[in-house]
C-alpha cells in the first residue's frame, strides 16, 4: 500500500512539475509577447505622434498659406474696389463739371434773352405811353381850339344879333313891347349858344 501511495505522490509531484514548467513556459511566452506588444504599441504611438506632429505642421503650413492667399485676395479686391470707386468719383466729377457748364451756359442765355425781352417790352411801353400822351395833348389842344372857335362864333353871332336888334330898336323906339320881346329872344339865344358850346 505504501508503494501505491508513493506512486501517487510521485505522479502528483511529476504532474505538478510539468504544470509548473508549462506555466513557466506560458508565463515566459506571455511576458515576451506582452513585452513585444508593448514595444510595438510604443513604437506605433511614437510613429503616430510623429505622424501627428507632421500632420499638425502640414496643417499649420496649409492654414498659413490659405490665410496669406485670402489676405492677398482681399487686398486685390480692396484695391480693385478702391480703383473702381475712384474712377466712378472722377467720372461723376467730370459729368458734374460738364453738366454745370452746360447749365451755366443755358442759364446765361436765358438771362440774356429775358433781359432783351424786358428791354424791348420797356421800350415798347415807353413808346406807347409817349404816343398816348401826345395823342391826349393833341386831342385836348384840338378840342380846346374847336370849343374856343365855337364860343367865339357864338359870341360874334350874339353880338351881331344884339347889334341888329338894337339897331332895329333904335329905329323904332316907340315900340316898347317889341323891344322887350327882342331882348328876351336875344337872352334865350345867348343861353342856348353857351349850352351848345359847353356840350362840345
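Glycine is treated like the rest: Cβ placed from N, Cα and C.
Look at Swiss-Prot and you will find 52-81 tagged as coiled coil, backed by sequence analysis. Here Swiss-Prot flags 13-23, 30-42, 53-81, 88-97, 105-114, 172-183 as compositional bias 'Basic and acidic residues'. Taken from Swiss-Prot, the feature compositional bias 'Low complexity' applies to 115-130, 186-200. The annotation compositional bias 'Polar residues' is assigned in Swiss-Prot to 145-156. Taken from Swiss-Prot, the feature region 'Disordered' covers 1-158, 172-200.
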By DSSP, what is the split of the compositional bias 'Basic and acidic residues' (88-97) into helix, strand and coil residues? 10 helix, 0 strand, 0 coil
Counted with DSSP (H/G/I as helix, E/B as strand, rest coil), the compositional bias 'Polar residues' (145-156) has 12 helix, 0 strand, 0 coil
